[in-house]
Amino acid sequence: MDSFCLHHYQFSSRLILGTGRYSSPSLAQQSIEASGCEIVTVAVRRFHALHAFTPLINWNRYWLLPNTAGCRTCSEAVRVALLARQLLQHLQQPHQCLIKLEVIPDPLYLLPDPLGTLKAAEILVRKGFAVLPYIYPDPVLALQLEQIGCAAVMPLASPIGSGQGIQHVHSLQLILQNARIPVIIDAGLALPSDASRVMEMGASAVLINSAIALSPSPVSMAHAMKLAVQAGRLAFLAGRMPLSSSAHASSASFGSFL
């Protein structure tokens, strides 16, 4: 499968994993391994919990993508992003500019704040960050974030952790058709078929957490997601057959029987 380029870095896997909601660090580690992912995202507020993963995960094999989950305002997200850069330096991670930006003032539905996200992204881009903003699937906002220099956009498929699957097909299609930066579908994907479908639509990658962590068999689900992402990407590259309003026989209607 072709590689995935994010801020000049190349990745062979188009599946990104979150690390929350697992019943144990060991199960998280096994799921990460089974997924074949290369990027793992961790909330900066949970960096203190990394010590539980340290004996289990070889961080030289994975890119640690910090996120600003839990931030309700622009200023709070900027402060947490700056802290994330310091933490990555302390952990001697080679990439210290990538940040997944989340500004979520709504505690019930966890929908991102478009104005706060745009403002925080502008500040962080000026400070040298490669910003990956988590957004509602708004094509206009996605374009604005691209224009200010974001490294990618991360529109949601449906609310975080809801397992509702793909609820915004048309809006996601508009973003995918017009974006010139990677589009990573984040939040709400519940099944491998969801992951495959957004990859078939042209997504650059997907970020999955709850669908794996809350599965009765997280390791098996992680492997299933890996295969689904690969299948969806191959299908996108191959191209679907043309639509037709009438039926067309796949076998010849004439000739002799053997």
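Using N, Cα and C of the backbone, Cβ positions are placed for all residues, glycine too.
According to Swiss-Prot, the protein carries these features:
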type	residues	note
ACT_SITE	Lys100	active site, schiff-base intermediate with DXP
BINDING	Gly161, Ala187, Gly188, Asn209, Ser210	1-deoxy-D-xylulose 5-phosphate binding site
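Features recorded in Swiss-Prot, as mapped to the structure shown.
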residue : record                                         : DSSP class
Lys100  : active site, schiff-base intermediate with DXP : strand
Gly161  : 1-deoxy-D-xylulose 5-phosphate binding site    : coil
Ala187  : 1-deoxy-D-xylulose 5-phosphate binding site    : coil
Asn209  : 1-deoxy-D-xylulose 5-phosphate binding site    : coil
Worksheet item: Cβ-Cβ under 8 Å from Ala187 (1-deoxy-D-xylulose 5-phosphate binding site), same chain, 6 or more residues apart: which ones?
Response: Tyr134, Leu156, Ala157, Ser158, Pro159, Ile160, Gly161, Ser162, Leu207
Worksheet item: When you look at Gly161, Ala187, Gly188, Asn209, Ser210, which the record names as binding 1-deoxy-D-xylulose 5-phosphate, what is the longest CA to CA distance in angstrom?
Response: 9
Response to the item:
Around the Cβ of Gly188 (1-deoxy-D-xylulose 5-phosphate binding site), other Cβ atoms within 10 Å, all chains included, total 22
Practice prompt. List the other residues in this chain whose Cβ sits within 8 Å of the Cβ centroid of the 1-deoxy-D-xylulose 5-phosphate site residues Gly161, Ala187, Gly188, Asn209, Ser210, in sequence order.
Written response: Gly18, Pro159, Ile160, Ser162, Gly163, Asp186, Leu189, Ile208, Ala211
Item to complete: Select the closest residue to Lys100 (active site, schiff-base intermediate with DXP) from the following binding-site residues, measuring between CA atoms: Gly188, Asn209, Ser210.
Response: Asn209
Worksheet item: For Ser210 (1-deoxy-D-xylulose 5-phosphate binding site), what residues in its own chain, 6 or more apart in sequence, show a Cβ-Cβ distance under 8 Å?
Response: Gly18, Gly20, Arg21, Ile160, Gly161, Gly163
Discussion item. What's the number of neighbouring CB atoms sitting within 10 A of the CB on Lys100 (active site, schiff-base intermediate with DXP)?
Written reply: 27
Response to the item:
If you count the other CB atoms within 10 A of the CB of Gly161 (1-deoxy-D-xylulose 5-phosphate binding site), including all protein chains displayed, you should get 18
